[in-house]
Structure formats: structure tokens, C-alpha cells
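Undergrad: This is the structure I have questions about; it appears just below.
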Amino acid sequence: MTKNNEAGWNLDHSYTTLPQSFYTEIPPTPVSSPELVKLNHSLAISLGFNPEELKKEAEIAIFAGNALPEGAHPLAQAYAGHQFGHFNMLGDGRALLIGEQMTPSGKRFDIQLKGSGPTPYSRRGDGRAALGPMLREYIISEAMYALDIPTTRSLAVVTTGEPTYRETKLPGAILTRVASSHIRVGTFQYAAARGSIEDLQSLADYTIKRHYPEIEAHENRYTALLQEVIKKQASLIAKWQLVGFIHGVMNTDNITISGETIDYGPCAFMDNYDQGTVFSSIDTQGRYAYGNQPYMAAWDLARLAESLIPILHEDEEEVLKIAQDEISKFSVQYEKQWFLGMKKKLGLFSNEEQDQSLIEQLLKMMEKFKADYTNTFRSLTLNTIENTALFESPEFKEWYKLWQSRLERQEESKENAYEMMKNNNPSIIPRNHRVEEALEAAVTNGDYSVMEKLLEALSNPYAYATEQEEYCVPPVPTNRPYRTFCGT
């Protein structure tokens, strides 16, 4: 069943120009009684949709997979992945790409239904999703967007009227995810594992045309592709670290070629600064701990380089050298981006030799005194040194003098320094206890007002507005560590 186009659907399906081994065409599985519980108005408008039309029953049916919009071409994408270091052939086990929306400005975005039913890649899964994890992805992805961190986004969440069974019976839901594309490091691993150089080349050419058209005429365009992805990921991971975001499941199937954050299953934001922070219940070894994220990104990108080896160069020795040289650039690029970001967080415009030491000393003290990561930088930005173990310590007072004298030595005024800090230190993040509170109200009581208030506050994290202050309060200390789950 195909619906008409008053809502503004303008779908293309360029992914189907790839060899058919990369996808399986399959319709979504209908649900019994869909209900729209969240629509992203501003995102809808930017994509060329009419939000009021999207609220109508006929369009809600599309978000539920009960109907298809004009021009839809539903398919599940195939890919592989190293999951916690172990290689598997995978694919969209509970999601369908229904098409690529062409926006009024000529941009192309994947429209994917997540939780739309089983596919040939489901393995033993039911292809469905629960309401809590889908609302969680909506909240966190929109918070990331407001923090100016490249991310997939959420257009809508519908409940299905059907239960989903995990450890317990949960209300089912479908999320409409929007992405620049869903091409992953794992997509290239999939092509390489199948052994067809032609397919691998087709994927690389398609990816370049879609994401990096400026390198199409490059003499060594596949090396240039690797360079671009490394650059994008170095920038992305630096941005994660600078706001204390912990992804939780940095498997190669969750590393996008576009440089967007994808898959918000077991992610969370750090409260107390600790390099070893882990939230994911399945990351028992701390593989994807906060401090490990840059190293794991480099590891994942090395898997991309391995996958590209058949098309990087004909000479075996030369190709290994190219791959190793490019991967070694990741840490340099990451460190540069992170250091620049940290300098902005401390209001440092100019360069001085001891800047690195100044930053490291602060972080060391924050870890020692278990200081709240976001609120420490917030207090420095507001120049309100509160009564905390960190700020009361003699070593911090000594550091504070050094920092103040460093600010005084630069040409820019202190006012300008504090303004730059304000633009780089969010006063509000999606605190784990606040997210849980919003999900509990929505899922258990059908009360979405708590989530709406939270989303409103998170939409402007650099505002330092008085009405946001209740969301700046860290959780009450507890002996029970906060744990996240992938929701699959």
C-alpha cells in the first residue's frame, strides 16, 4: 500500500545501484494499532516534510510500517562487524531503509524504520524494539545534535500496540531514524569478506560519490577515502571526549563512514571524571571505557584499512605501508582536535608551552577528587568556585592561580576568554538519572511531559539559562553503578 504525497515525501533509492549482495528487499511487518508519541518538528521541516501532515493517521501508518510512502523501496542492508573484537557477518536485523529523502536544499538523508520487524539478517531476533530504548535514542541523539556533535537523528517514535519480549514484557515501538547514510566500516568488511573486488570497488565508488565527491577525481581516490574517514572520526571522537560522552558499543558496525554517531543503545554521559568509566552491562572488560574510545576508534579504522587493501594498491608491500601510514595519522589528528577543544574549554586563545601541562594537571585533580566533569568546567566558566573537594584542595587553588595568570598573559580580554568557554562548555547534558526519570514517566505512566521538558532544556546546552539549572544537578551518590543496556 503506497500513500500519497501531501506530507512532502521525496524519496530516491540510490543504494539499490549497488550489487544486490549489499541488501535484501523486504517490506516492513505491519503492527496492530500504531500511535504517534513523538514527532521532531524542526527536523521534519528541514527534510522538506509538512509536520502537520505527518501527524495524520495515514502518515503514522508509514512510521509504523503499515503503509509505504510514494517512491519507497524498503530494504535491509547487509554488513559485517567486529563485535567486542569478534568478527561476524551481520545486517539490519530489525530495521529497514525505506528510501533516501531529498531535501529542499538538495541533500540526501536515509529514512530508516528501526523495530520494523524481522529480516533475513535477524538471526534469532524478533525484529522489534521496545519503547524505552527508542525514546532513549530520540533524547540522546537530539542532545548530541544540540551539542554540535555529528549524529544520526530521530524523526518520530510510534508505539505499535503490541508487546515486545525481552527480560520482561515491554510496550513495542518503532523509531524513524535519519542519517546521512548507514554505510559503516562493517559494510566494507562485509564486501571484503565476500571476496569480490568488483563489489568492494562499487561500494567505495558509491561512498565517495555520496559523501566525498571532492575526491572523485583524486589520483588515489581509495587512499583519499580512507584519509577522509580517518579525519572525520578523529574529529568525532575528540568531540565525544570533550563532553564526556561514552558510546558503549564501538563495534565496527557502529562506526559510520560519514562520521556521524550511530546506535545509542548502551551509551551515557559521564558524571564524575574517570578515564575508566563504563556504563554498558555487556562491556565487562571495559573495552569501550571512556579513556579507551580513541584507541578503539583507531582499531576500528585499521579494520577499514584492511578491508580496502585489495583496491588501495597493486603492490603488496606498498599497500601495507599505505594502510599503516594512514592509520598512524589518526592519533595525531585526534590529539590535535582534542587539545584545541580543551584549550577552548579553558579560554585559551594563544599557545604557550605549558598549556598541555595545565590541562593535564586539571584532569588529574578532577579524577583524584571524583569531580563532576560537566559541572567543573561549568563552574570555571561562570567563575563560581563552589564548595567541593576539588575546589577546596590546595593543589586546585595553586592550579587556579596559574590558570588565571595564563589568561592575563594573552592579548584577548578575560571577558572574551569566558565567552569562548561558555560556547564550549555545555551547562547541561542528558544526565543519566534525568533520562531514566523521563523514560519511567513515559513508559510506565504514559506521561510524556517529563521527556518534553528535558528535551526543551537539552535543545540549548550552551544557554546557561536559569530555568535549566535543575538539570545541572548531578545524581545523588550511590553504591550502585549506573548500567545501560543495548535494548536488542
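Glycine is no exception: its Cβ is also placed from the backbone N, Cα and C atoms.
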Undergrad: Which of Arg108, Arg177 does Swiss-Prot put in the same ATP site as Gly91, Gly93, Arg94, Lys114, Asp126, Gly127, Arg184, Asp263?
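TA: Record check against Swiss-Prot: ATP site with Gly91, Gly93, Arg94, Lys114, Asp126, Gly127, Arg184, Asp263, extra candidate from Arg108, Arg177 is Arg177.
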Undergrad: Distance between Arg94 (ATP binding site) and Asp253 (active site, proton acceptor) at the Cα atoms, whole Å?
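TA: For Arg94 (ATP binding site) versus Asp253 (active site, proton acceptor), the Cα atoms are 14 Å apart.
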Undergrad: Within 10 Å of the Cβ of Asp263 (ATP binding site), how many other Cβ atoms can you find? Include all protein chains, please.
TA: 23
Undergrad: Return one of helix, strand or coil for Arg94 (ATP binding site), based on DSSP.
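TA: SS state of Arg94 (ATP binding site) = coil.
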Undergrad: In terms of DSSP three-state secondary structure, what is the assignment for Asn254 (Mg(2+) binding site)?
TA: helix
Undergrad: Restricting to the record's ATP-binding residues (Gly91, Gly93, Arg94, Lys114, Asp126, Gly127, Arg177, Arg184, Asp263), give me the longest CA-CA distance in Å as a whole number.
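TA: That value is 23 Å for the farthest Cα pair.
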Undergrad: Taking every protein chain in this structure into account, which of the binding-site residues Arg94, Arg177 has the most other Cβ atoms within 10 Å of its Cβ?
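TA: Max Cβ neighbours within 10 Å, all protein chains included: Arg177.
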